[in-house]
Amino acid sequence: MEIRKVCVLGAGIMGAGIAQALAEAGYSVSLRDIEDRFVRAGLDGIKKNLDRAVSKGKMDRNTADAVIQRIKGTVDLKQAAADADLVIEAVIENMDVKKTVFRELDELCPPQTIFASNTSGLSITEMASVTRRPQKVIGMHFFNPVPVMKLVELIRGFLTDDETFESAKAVVEAVGKIPVEVKEAPGFAVNRILCPMVNEAIFVYSEGIASAEDIDRAMTLGANHPIGPLALADMVGLDTLLFVLEGLHRELGEAKYRPAPLLRKMVRAGYLGRKSGKGFYEYAK
Ligand code: 3HC
């Protein structure tokens, strides 16, 4: 099935990044969030990214204007989703919220519309179970920052059919990213590997083994990671990291996935990383 129009639900960092990548590839995109200010913030972020690309000479002004023209921001779910060939949800990481969204979409969209979730590790099969089209539901997991990161994990739910998989794969390739196929499992492949590593770095820090700066220096210079694990935790969001780790711990039941107590404490204190201005480092607002 050829995808022309894509609806992205959630205009946060991930949703806006996905909308930008799609629009740059020529797709017509509707970007929906529940409040006008979230939609505006998402669109402003995309404009800033495009302006930066223009000022660096990586994109011409006409192309940037055409990209932004292809994205329609709205708070109206029906208007956003009813004529989309593909809906990608990037709403908050909460199974109940995601199920509610999928239930609503199932009423609004024709039976051939594909539903994708950008979840960082929740069950695609469970989300699909509330629709009458579980074979047309798939995971499309993008990485932060979306305009830069090349990978998309494609996750088959228990009932996802081959046609849906191939359509999603074609979209990933059209936006210039590389898909990997992953069977459904908590945290999929990347977060199952990455988040315990970052968690371990938090244990190392909380045990006073090295300073935050030295842990990050060690992993950038000693393991060739682009940024250190604590800087990465701040970038991903400490709340998101904790959520992924809790999911791994709950579903896989092994002590090695236990979130570092310091991570919990920081999240409770509102230290969420870049988005709150404070995490393992401080950020100018
Ligand atoms: N949006 C758009 N472009 C961005 C960007 C953003 N948010 N952040 C950086 N860039 C661009 C810059 O404009 C720059 O472009 P240029 O090469 O054309 O000038 C390029 O990326 C490099 O940026 P910088 O020189 O400012 O900084 P770095 O060299 O540190 O690169 C980075 C930034 C690419 C983000 C690098 O730090 C990196 O690779 N970090 C690790 C990212 C990572 O691991 N992401 C996965 C997180 S896990 C996840 O998302 C899963 C989720 O489910 C939890």
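Glycine is no exception: its Cβ is also placed from the backbone N, Cα and C atoms.
Owing to the predicted nature of the structure, the values given are computational and were not obtained by experimental measurement.
The domain '3-hydroxyacyl-CoA dehydrogenase NAD binding' annotation in TrEMBL covers 5-184. TrEMBL lists Gly10, Ala11, Gly12, Ile13, Met14, Gly15, Asp33, Glu93, Lys98, Ser120, Asn144, Lys275 with the feature NAD(+) binding site. Annotated site 'Important for catalytic activity' per TrEMBL: His141, in sequence order. Annotation source TrEMBL lists domain '3-hydroxyacyl-CoA dehydrogenase C-terminal' at 187-283.
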Inter-residue Cα distance where the pair is His141 (site 'Important for catalytic activity') and Gly10 (NAD(+) binding site), in Å: 14
Those binding-site residues in Gly10, Gly12, Lys98, Asn144 whose CB falls under 6 A of ligand 1, listed in sequence order: Asn144
Pairwise C-alpha maximum, in angstrom, for the residues (Gly10, Ala11, Gly12, Ile13, Met14, Gly15, Asp33, Glu93, Lys98, Ser120, Asn144, Lys275) that bind NAD(+) according to the record: 22
Cα distance (Å, whole number) from Asp33 (NAD(+) binding site) to His141 (site 'Important for catalytic activity'): 19
DSSP-derived helix, strand and coil totals, residue by residue, for the domain '3-hydroxyacyl-CoA dehydrogenase C-terminal' (187-283): 66 helix, 3 strand, 28 coil
